[in-house]
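The structure appears below as structure tokens.
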Amino acid sequence: MLLERAYAKINLTLDVLRRRPDGYHEVDMVMQSIDLSDLVWLDCRSDSEIVLDLNAGHIPSDERNLAVQAAMLFRKYTGIRAGVQINLEKNIPVAAGLAGGSSDAAAVLRGLNRLFDTGLTSDELADMGAEIGSDVPFCIYGGTAIARGRGEVLERIAHPCHLYVLLIYPRVFVSTADIYQALQPTDFVTAVQSERMVQALMEQDVDAVPYLVHNVMQHVTFAAYPGVKQLADKVESVTRHPVHMSGSGPTLFCLAPTVQQANRMYNALRGVMRDVHLSHFVSNISNSGDGEV
Ligand SMILES: C[C@@](CO)(OP(=O)(O)O)[C@H](O)COP(=O)(O)OP(=O)(O)OC[C@H]1O[C@@H](n2ccc(N)nc2=O)[C@H](O)[C@@H]1O
Ligand SMILES: Nc1ncnc2c1ncn2[C@@H]1O[C@H](COP(=O)(O)OP(=O)(O)O)[C@@H](O)[C@H]1O
């Protein structure tokens, strides 16, 4: 049995350039892995089934699950017929804008490549992953990247900047497709924010980074779910720091340059609300598995 960690992401910037004829949107966004992960255990089975056991009753364990889709795709691509056992421990909130499902799919692709010693490159796994979802290619590599196209065209960024991330989970389910659909032409931009963000990350300008975070979807999700906006206002008044939304939401986050500041914000928030979690940037997930067990 082999373990792969499936890391969550946040969007440090998210710009949408236009709606495409294929129904997707052209995006430009800075994606960042964080130290919040699902655990994906993989093993061969003596039969030819793909079986997923997971600790979350509210998500399907059949072909609708992105982890199962990844195993199916991997077998189709490699011609391997062996059965696959997947045990999934969900820690990343579902439909939260943190790419939990995409990251599980990416972890299955990385893990099966190790389990069957198929020697596929990360680029090949990312190409495969794009068939499952737009965020899957980023989740193959993790770290930091500018994602363009529909999210699958990646420019990976190595930078020394490390920040703490306070995550706040509103208890609502947000559909990514609905939020993309609700964008108006006035939301589409030509000048994107990713380059300034990347520059600040490269310069380790930890004080600037929180003020450069930008997400064009935030006002759309806030308008559709006023409770999320109210929660963001409350977080801002308690922490006195800018509050942002990841992806299509609803997860909110604040960035802190030091662990002391992050702990202060965490303790202040825990006094007045549930569902607060402290995390931090992860720059390298390449040895994310904990090896054979
Ligand atoms: C918004 C983002 C930002 O990172 O994250 P989440 O909020 O989902 O975490 C992503 O673009 C989400 O990517 P992902 O969740 O993989 O999307 P997909 O499964 O490929 O697509 C789901 C649906 O979202 C819409 N979609 C997705 C990506 C894109 N560039 N344009 C779109 O219009 C399409 O309607 C598509 O049918
Ligand atoms: N392994 C998985 N983990 C979480 N959600 C999954 C998974 N497989 C399929 N889904 C479905 O994908 C949808 C979005 O899930 P998720 O990736 O957590 O959200 P987001 O795209 O907002 O980051 C949910 O409706 C969920 O039922």
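Positions of Cβ are set from backbone N, Cα and C atoms, glycine also.
For K9 (active site), the Cβ neighbour count at a 10 Å cut-off comes to 29, with all displayed protein chains included. The annotation active site is assigned in TrEMBL to K9 (among others).
Per TrEMBL, the feature domain 'GHMP kinase N-terminal' maps to 65-143.
Sequence-distant contacts of A99 (ATP binding site), defined by Cβ-Cβ distance under 8 angstroms and a gap of at least six in the same chain, are A8, K9, I92, D135, F138, C139, G247. The ATP binding site annotation in TrEMBL covers P93, V94, A95, A96, G97, L98, A99, G100, G101, S102, S103.
Annotated active site per TrEMBL: D135 (among others), in sequence order.
Look at TrEMBL and you will find 197-273 tagged as domain 'GHMP kinase C-terminal'.
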Using the Cβ center of P93, V94, A95, A96, G97, L98, A99, G100, G101, S102, S103 as the ATP site position, which other residues in that chain lie within 8 Å, going by their Cβ?
A8, I92
Listed recorded positions with Cβ under 6 Å from ligand 2, out of K9, P93, G101, S103:
G101
In sequence order, what residues of the same chain, 6+ apart, have a Cβ less than 8 Å from the Cβ of S103 (ATP binding site)?
A6, Y7, A8, K9, S37, D38, I92, D135, C139
Look up K9 (active site) in the DSSP assignment and reduce it to helix, strand or coil.
strand
Under 6 Å from ligand 1 by Cβ, which binding-site residues from P93, A95, G97?
G97
